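Listed in TrEMBL for this protein:
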type	residues	note
COMPBIAS	17-33	compositional bias 'Pro residues'
COMPBIAS	51-61	compositional bias 'Basic and acidic residues'
DOMAIN	452-592	domain 'Guanylate cyclase'
REGION	1-64	region 'Disordered'
TRANSMEM	197-218	transmembrane segment
TRANSMEM	224-244	transmembrane segment
TRANSMEM	265-284	transmembrane segment
TRANSMEM	296-313	transmembrane segment
TRANSMEM	325-348	transmembrane segment
TRANSMEM	368-390	transmembrane segment
Amino acid sequence: MFTSTINTAPPMLTQAPVPPPPTPNAPSPPDTPITPQTPRDVLHNSWGSVSEKDPRKDSGIRSRRSSIQAQLFAINGMSPGDLLTHRVSGYYTSSQSSVVDHKFVDMGESGCGAEPCSIPLNESLTRFHQLRKQSDLQLIKCMQQAENHRQYIEAPPLSHTTLFFVDDELEKQYRQQAHKPRHDSPPTLVSTHFNTYFDILVSALVYIVVTISLFMLFQYTLGWLVLCLVSTCWHLLLLVLCSSQVMRRENTGTSSQIYAKLTRWHPWHICGASIICLPLAAVMSNFSCSLSDLDGTKTFFCYLTFVSSIHLCNFTQLNCWMKNILATIGIVILLVLVSPSLCLQASHMNDNRNNSTLYSAGEMSESLAHFSYQELVVASVLLVLLVWFLNREFEISYRLSFHGSVMAMKDKVQVQTMKNQADWLLNNIIPRHVADSIKTTAKYSENHKDVAVMFASIVNFNELYDEDYLGGKEYLRVLNELVADIDELLLRPEFKNIEKIKTIGSTYMAASGLDAKVRQSNTDAHQHIFELMEFALAMQKVIEDFNQDLIEFNLIIRIGLNFGDVTAGVIGTTKLYYDIWGDAVNIASRMDSTGVPGRIQVSNRCAVVLNRRYELERRGQVFVKGKDNMDVFLLKGRREDT
């Protein structure tokens, strides 16, 4: 039997002792009455249990976050398992639990099962429903703040009378692409690529049904047979063109050219009007005054006219005003043809015999005809209103669908542009292969072996820099142009292994061999080192050209190279900072700071590798901080045999 108990200690703070297993033939302890507690007592007891000394807290196992989380669970009157038990599809629901709770409440028992609970489940679920409502309100507020959605709701893109797009460019685009397949979405049965085909197919089916009905109900006439032959040939031609377009994947050939010309805006309105009017014209061609209500031919004639008029709602790409006018004209012609006065005058002209009995019968039949004609007028007016309403709604829906597709395509292009800009900015801050890793892991650090590092400094830039002239902005502009010219060198394919690390004042830092995939494609194990040396020579050439363009400047560059093991990583979560660390980096920096202006200085280890392609001269030993004296070499030039 379930008892209404209240857990006074959060499950994360205290652990209930495990009772010993029951002994056989042992008397059961008497039931102890449990006094119910209020939620305030639960809160007091929860804080009391938190304030009690926990031996695990002193040992550092219990973190402060866990205790605070337990306190919050105690305040809300819920256990941590409730978050996982009642979460369905991202929302907290209580469909089954609420039913169980009500069931046990009606029985006077708790719905918590064998496990103790602090407060009824419905109260905790109410809090989650409030949180859900708050999130929904926040979402609605964000949608209301969006300017595009507000303009779309308050000012629709269609004219109220003509239903044309207010934007002339959008209307022109709609008329050009109304029948063309959209490449922004996969081809489905509801796409514009098949919409025209289905319209023609539906028209052909309606025409076949109406034609068979006319042959079964009415007598054949020469005019009707000629019209039937022409209409059938016209439908067959369009069906053949549509079938060829559906079967062919590549729209090439004579049939495709004919279809493209027919589906233009104005030619298609002419073709569409002729197609949707053919069933109505076929019905009207079978009218004669011999139609009578007695044999039902007149009634069937009206029914077929109504069906043909409803068929004017087909072809959603056509303008609704054109279809509405055609439907109105067809109904007006129907009312004129079946009016009692028209056929009665013809019968009076052909028959001049007149007696009283026949005259009274004629008056009775005429009154009945007028009565049925009034019903026909009412039905025709309602049908015209229905056709007008459907045509308007269909065109509005089709145009809004096209507008939504265009806006979605524009938003997609805008999002892609913003993504490309973000990727461009990210790739300019950190290397591309590092950016790809950060997108998946959100952190990056890696060890690299035999990475070549270069430091290049403009040794006399500080002497030229003068803050008295425009606050130093002119000199910074010159430095920016120089660094930009050096950065352009990295776009060359022969420098694919090189990555710019950073600029420190007037010092340019670069490294090669950091991308493992690029190094695997190299033909030589030390190709990245040779590329960095070629990059250093190209930098010297850039400085020479720069000095020739600026007469007042005579910039002098000093370069230092080294290679070895480094560690690369990205620091920070905002304003990401990519850098490399290691003893090889420090030695490369010392090769620059202790180097000779206008020359390239390399370490002894680097000289062993570069000696294969370059001529080096030994400078001697140079004191390097942290390394004592080191043998260094200066570059003389490329070897002639290479």
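From the backbone N, Cα and C atoms, a Cβ is placed for every residue, glycine too.
No curator has checked TrEMBL annotations; they are predicted automatically.
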Proximity verdict for the transmembrane segment (296-313) and the transmembrane segment (197-218), three or more C-beta pairs under 8 Å: yes
Chain residues in Cβ proximity to the transmembrane segment (368-390) (below 8 Å; excluding those fewer than six residues from its ends, i.e. six or more beyond): 293, 302, 306, 309-310, 312-313, 320, 323-324, 327-328, 331, 334-335, 338-340, 344
Composition by DSSP (helix, strand, coil) of residues within the domain 'Guanylate cyclase' (452-592): 65 helix, 40 strand, 36 coil
